[in-house]
Amino acid sequence: MCLCPGSHPGSGAQAGEAGAMSAEGWDTGPGGHPGASGAGPCPPGTASAPWSLPHWRACLAAAVLCYINLLNYMNWFIVAGMLLDIQNFFQISDSNAGLLQTVFICSLLLSAPVFGYLGDRHGRKATLSVGILLWSGAGLSSSFISPQHPWLFFLSRGVVGIGSASYSTIAPTVLGDLFVRDQRTRVLAIFYIFIPVGSGLGYVLGSAVLQLTGNWHWAFRVLPCLEAVALILLIALVPDPPRGAAEKQEEVAMGALRSSWCEDVRYLGRNWSFVWSTLGVTAIAFVTGALGFWAPKFLFEARVVHGLQLPCLQDLCNEQDSLIFGILTVVTGIIGVVLGAEASRRYKKVNPRAESLICAYSLLIAAPCLYLALILAPVTLLASYAGRECREGSVTGGLVHRCSWPSGSCFCPATGRWLLTSCCPWWCPGAGGQQRRFRSRWATSWGTPAALTSLALSPAP
């Protein structure tokens, strides 16, 4: 028997004796059904109104999260934009340089499930703040490491990976709770546009700061200033909505039962759309992770092979390729996302599987572009640049659109990035001439058809 708030226990008991029990087991009032007016026990408690936020506040929070996502991916690729100078400063070989990205990705890979679990059960805003503090503090401290302690630089990249994992896993869920249906898809698409934009600006920032100051350390000192602004904006402007706050009121009223980590994994394992999306994105990341890290140096050494550039043996190297590659990555990434989203919007009117098919078609276009870019590098640099950027636009358009697909919005691309980035120096060592590095095209070519197959097989949501 329930008592209405503020009622006297005695009066509630008397009313309970006078009322009859309904078939559902609730005490009925004088009206003959649960909740009827008059004396009697109170009806089942009604759910409170769902959490709401003004639309302009939600858009402002989304803008802040997009800005932080931009900085996150700038941090991912800033090392690649200055790789030659970092190698000269610490006197590390290509194999050890590949270990830089391996440490970063392994840290992200191992910590992402932990942050995902914490973000699902604790305050997401606090977790995001800790992540930003981690990666910005580690990046700033790495700029003061002496050349006698390169292992500290490797350690700092690992800490940056841990901080990045917190943001990459939690921020999309906050956006998912601020928007619904088509709004959510559009906002997530915009959010993921900053993957290629941030990656390209990471190359540009590293190269530009190096050319302006003559010291690569300053790139790691400029970025934390932008991240400090991001942290202030996050604390001041981004709310921490309840899980599922943007869904329908009755769904919120039902409440979500807390499940264990093993139950979550079993549930995801039975979601075939999620499984195929994860396999496809892992295969894509197998290729793009290594290309993103090694492409500027690949193109630099291609110029050396053509006799257009002297080998970099001094402290300050010519990072022109990083600057060009970064600008092209930003431009083609945006074009690819816009074209992919528009093509999917139109195609979905006649085919409900438009999202997965657009991803597959994009990869089908990207495969020959990648192959030609790698195979033609010893012959002509122009064709290599054109092929790489054609592939960048195609893959980004399909991949980012896939990220905005609700049933495939969570995946683990870090696995593929780690595999090829750590193996690439063994397949294409620097010692023994630049020509040997072109053999890596055989290693990177298999990921595209694998991703194409898995994304094409992924069912529609």
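Glycine is treated like the rest: Cβ placed from N, Cα and C.
TrEMBL labels come from automatic prediction, so no person has curated them.
Listed features, source TrEMBL:
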COMPBIAS  28-38  compositional bias 'Gly residues'
DOMAIN    61-461  domain 'Major facilitator superfamily (MFS) profile'
REGION    13-41  region 'Disordered'
TRANSMEM  58-79  transmembrane segment
TRANSMEM  99-119  transmembrane segment
TRANSMEM  126-145  transmembrane segment
TRANSMEM  151-175  transmembrane segment
TRANSMEM  187-206  transmembrane segment
TRANSMEM  218-238  transmembrane segment
TRANSMEM  274-295  transmembrane segment
TRANSMEM  323-341  transmembrane segment
TRANSMEM  361-386  transmembrane segment
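Against the transmembrane segment (274-295), the recorded stretches 99-119, 126-145, 218-238 differ in Cβ pairs under 8 Å, and the greatest number is found for 99-119. The average pLDDT computed for the domain 'Major facilitator superfamily (MFS) profile' (61-461) is 76. If you look at the transmembrane segment (218-238) against the transmembrane segment (99-119), you find fewer than three C-beta pairs under 8 angstroms, all six or more positions apart, and that falls short of contact. By the Cβ criterion (distance under 8 Å, sequence gap of 6 or more), the transmembrane segment (151-175) is counted as touching the transmembrane segment (99-119), at least 3 such pairs being found. Annotation: stretch 58-79 has the most Cβ pairs under 8 Å to the transmembrane segment (187-206), among 58-79, 99-119, 126-145. Here the transmembrane segment (126-145) has long-range neighbours at 68, 72, 75, 115, 118-119, 152-153, 156-157, 159-160, 162-167, 170-171, 174, 217-221, 223-224, 227-228, 230-231, 234-235, 238, meaning same-chain residues at least 6 beyond its ends whose C-beta is under 8 angstroms from one of its own.
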